Amino acid sequence: MATAVEPLYVYNEEGGHKKISVPPPDTLEGWIVVLGSFVVLMLVIGTTNSFGVYLQEYKLEVFPTVSSSTISWIGSLQFSIMCLFGIGVGILTERIDTRIVVAIGCIITGTSLLVASACNTITGLILTQGLLYGIGGSCIMTPAVSMPSQWMKKYRAIATGFAVSGGSIGGLWMSFSTRAMVSNIGWKWSLRINGLIIIVVGCVASLLLRSRLKVSHSERLIDFSSLKNVRFVLLFFASLFSCGGYFMPYYFMPSYAVVALGRSTNWGANISSILNAGSIAGRLLVGFSADFIGPLNALIISTIMSTIAVLMMWLPCKSLGVMIGSAMVFGFFSGSLVSLVPVVTANLFGIKRLPSILGLLLISYMIGTLVSSPVGGALLEKYGNGVNFTWLIVYNGIFFCLAIVTQLILRILLARKLCYKI
């Protein structure tokens, strides 16, 4: 396996190009970085993906008079704040040691859950488990998602898929462990244990996350030229719409199994686990296929299948079997909606400024998150009296339909040939 540095030509703002030496891609060192990304994403995104268990506990036991829309702000803030601060974290990642940024994020994120365990109001949980958690999570997510694309070339899609699948694997075991802890020792101790795990394990894993490229301090903090690029604008809105649809099934399918189908609370955790298990397989297998058919092609297929799972399976669902099938299909294909975007971004705009460009793109994730689950929860309360999910699911499906249209426009702009790898 190659260990020598390779030449990389990068644009010089004074004119022309300059040659720098960087470690070669697709090496053992790169896979170690991917492993580090996997672990920290398992912790921070896994906690967010398993929030459905907390939402169910808060709604049914802790704050029964508080609306689902209000409670869902906790989970929505977690991810949306990660995205909002992504551009600032992307700048830091390009200029200082990535390991320091991620370690600080693990400390903030873990501490937020420890503080949340002392809260007795929904406002306190929104500020700690939601807002503060998101601030810390941003220091983890942006570097961890962008690093695999820096270190990989031939195996970029599968490596990114493996790293991001950590969030699904975390959501899988955290759904079971959180339900078990909430049932046996209470939700407060569940938060404390989760927070301590993030601090200890996350800080150790952060040592593996070394950046392959550094941006000169003389270069612009943010490459705003991408905002003028129609490809970036289309990718921005495609990401906004797909992210708007992504989280609602993770937040509300567990509650649907309990409230609409009349199953036990354990089935809520089971549905959450099925979603995350499907996402693990999907991010790996779709990521593997994306290296052959092209990441954008794979992204479009995944969005279409996610739409089918929501509108043709979940919407008419009246039985547990259909609910399980819907969760499996959605989990499998929706996972790549997150893992393939950094790969598409790297292919379109290069890897040198990937953290900051991805930070700009994450703003679309923030907008999509803020206008999805809270509004969906409000539709559930106003038009479904908390038990009829029809309008929530339709709202979910509209986001995915808009994502498909935007992705297809981008695909046609880049290449009109159907079989073209892109």
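In case you wondered, yes, glycine gets a Cβ from its N, Cα and C as well.
Sequence annotations record features per position, and here TrEMBL assigns domain 'Major facilitator superfamily (MFS) profile' to 32-418. Annotation source TrEMBL lists transmembrane segment at 28-51, 71-93, 100-118, 124-145, 157-177, 189-209, 230-252, 267-286, 298-316, 322-345, 357-380, 392-414.
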The transmembrane segment (267-286) touching the transmembrane segment (28-51) per 3+ Cβ pairs under 8 Å rule: yes
Outside the transmembrane segment (157-177), six or more residues from its ends: residues with CB under 8 Å to it: 30-31, 34, 37-50, 52-53, 144-145, 147-149, 151, 194, 250, 269, 272-273, 275-277, 279-280, 283-284, 286-288, 290-291, 295, 298, 331, 335-336, 338-340, 342-343
Most Cβ pairs under 8 Å with the transmembrane segment (267-286), selected from 71-93, 124-145, 322-345, 357-380, 392-414: 322-345
Contact call for the transmembrane segment (392-414) against the transmembrane segment (230-252), three or more Cβ pairs under 8 Å: yes
Stretch contact, the transmembrane segment (230-252) with the transmembrane segment (71-93), Cβ-Cβ under 8 Å, 3+ pairs: yes
Most Cβ pairs under 8 Å with the transmembrane segment (189-209), selected from 71-93, 100-118, 124-145, 322-345: 100-118
Mean predicted confidence [pLDDT] for the domain 'Major facilitator superfamily (MFS) profile' (32-418): 89
Sequence-remote partners of the transmembrane segment (100-118) [C-beta within less than 8 Å, at least six residues beyond its ends]: 40, 43-44, 47, 89, 92-93, 124-125, 128-129, 132-133, 135-140, 143-144, 188-189, 191-192, 194-199, 202-203, 205-207, 209
Beyond the flanks of the transmembrane segment (71-93) by at least 6 residues, Cβ under 8 Å: 44, 47-48, 51-52, 54-55, 58-59, 63, 101, 105, 122, 125-126, 129-131, 133-135, 137-139, 141-143, 146, 211, 221-222, 247, 251, 355-360, 362-367, 369-370, 372-374, 376-377
Long-range Cβ neighbours of the transmembrane segment (322-345) (under 8 Å; 6 or more residues past either end): 145-146, 148-149, 156-157, 160-161, 163-165, 167-168, 235, 239, 242-243, 246, 249, 253, 256-257, 261, 271, 274-283, 285-287, 290, 295-296, 298-299, 301-303, 305-306, 308-310, 313-314, 316, 354, 357-358, 361
